[in-house]
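Structure record follows, encoded as structure tokens.
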Amino acid sequence: MAAPQDVHVRICNQEIVKFDLEVKALIQDIRDCPGPLSKLTELNTKVKEKFQQLRHRIQELEQSAREQDKESEKQLLLQEVENHKKQMLSNQTSWRKANLTCKIAIDNLEKAELLQGGDSLRQRKTTKESLAQTSSTITESLMGISRMMSQQVQQSEEAMQTLVSSSRTLLDANEEFKSMSGTIQLGRKLITKYNRRELTDKLLIFLALALFLATVLYILKKRLFPFL
């Protein structure tokens, strides 16, 4: 059975793909929008909502990637996150271009209607003000997204620095282990040498004791049994 974390990662990826397709469809609707401005505003509101949902899922996927136990799986998921971020930035650029295209089309349509006597000068001024306000709103939203992406990049840099620091710590620990291994091997050799020396000393003591006892027995024999 798949681990809960793997299931969560799969669900995040599926929803990211779904939101990405929905954003692309809405951007195409904006590009084809004939007006009026209220319709364009409604489409832009939907796009903002989808972008928020998309960012949220990308952040969840990134968090899951950082919680992976295996470094290979972690790096693979972080690469997927980076690809999703790049795709989202591409969608934002397409969104902005689609808005500009739609606004130009609406503006040209209103100019044509004015030439035909369909609108008054005051209505045209109001339309331009609405266009300017919508453009300002979109610009602010894109700036917010840009700040969010900048923060994500900074967090990625900090995580990379942490990995480098951890790698250095592991290398230092490895060197210490090698040094300790050499010390242990030297101690083992000294203990072996000491054991051999102890065995030799015991043998010499035994031979000396045997010689001493033989000498004592010889002296006793000469004094107690001189005739032998």
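Here the Cβ of each residue, glycine as well, is placed from N, Cα and C on the backbone.
Keep in mind it's a predicted model, so treat the numbers as computed, not measured.
Annotation comment: TrEMBL describes 37-87 as coiled coil.
Per TrEMBL, domain 'Sec20 C-terminal' is recorded for 134-224.
Cβ atoms under 8 Å from those of the transmembrane segment (203-220) belong to no residue of the same chain, restricted to positions at least 6 beyond its ends. According to TrEMBL, the transmembrane segment annotation covers 203-220.
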Study note, to complete from the structure: Mean per-residue pLDDT in the domain 'Sec20 C-terminal' (134-224) works out to 76
